[in-house]
Amino acid sequence: MEKTLVLIKPDGVARGLCGEIISRFERRGLRILALKMMTLSREQAYNHYAEHQGKPFFDGLIDFITSGPLVAMVVGGENAIKVVRTMMGPTDPAGAAPGTIRGDFALSVDNNVIHGSDSASSAMREIDLFFAAHEIMK
Ligand code: CMP
């Protein structure tokens with residue numbers, strides 16, 4: 001089963017969107033294989049977003065993602081990486097279609113409610129950052 005890492009970012013948690021977002025994945029037929037709420041340290045945030053280091057939005061991104069609790073999940077299923085990204089909509093919510101999570105709940109690229117791994121290699125790396133193997137259901 002393909003697995004992907006999903007984060008409901010601090011804005012999504014603060015706005016009470018966790019149930020809605022988890023429900024969308026479950027109704028689609030994806031499985032929640034692991035789930036935890038946590039506030040990221042700056043070090044964890046740097047590791048998670050290492051590929052964006054040096055970009056103009058990096059410091060703001062680290063401030064935002066460490067600003068409050070987030071929900072981290074491992075979501076599994078056939079083509080889970082692509083299906084989750086399609087359900088999320090594009091990074092910039094301005095171009096996100098209604099019916100997608102960002103298209104329904106986000107306006108700004110900085111506060112875009114949700115993160116999903118963008119490839120199989122990112123998914124493996126990101127899942128390892130958030131979960132020990134024994135925390136992930138089969
Ligand atoms: P995410 O999928 O979590 O990955 C990196 C995040 O950086 C992205 O979602 C956005 O929330 C944020 N971000 C802010 N500005 C930009 C930008 N110009 N391009 C891409 N991502 C951005």
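Cβ atoms here come from the backbone N, Cα and C positions, even for glycine.
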| remark: According to TrEMBL, Lys9, Phe57, Arg85, Thr91, Arg102 bind ATP, and the residue from Asn79, Asn112 that belongs to that same site is Asn112
| Which residue, of the binding-site residues Thr91, Asn112, has its CB surrounded by the fewest other CB atoms within 10 A? | Thr91
| task | Look up Asn112 (ATP binding site) in the DSSP assignment and report helix, strand or coil. | result | coil
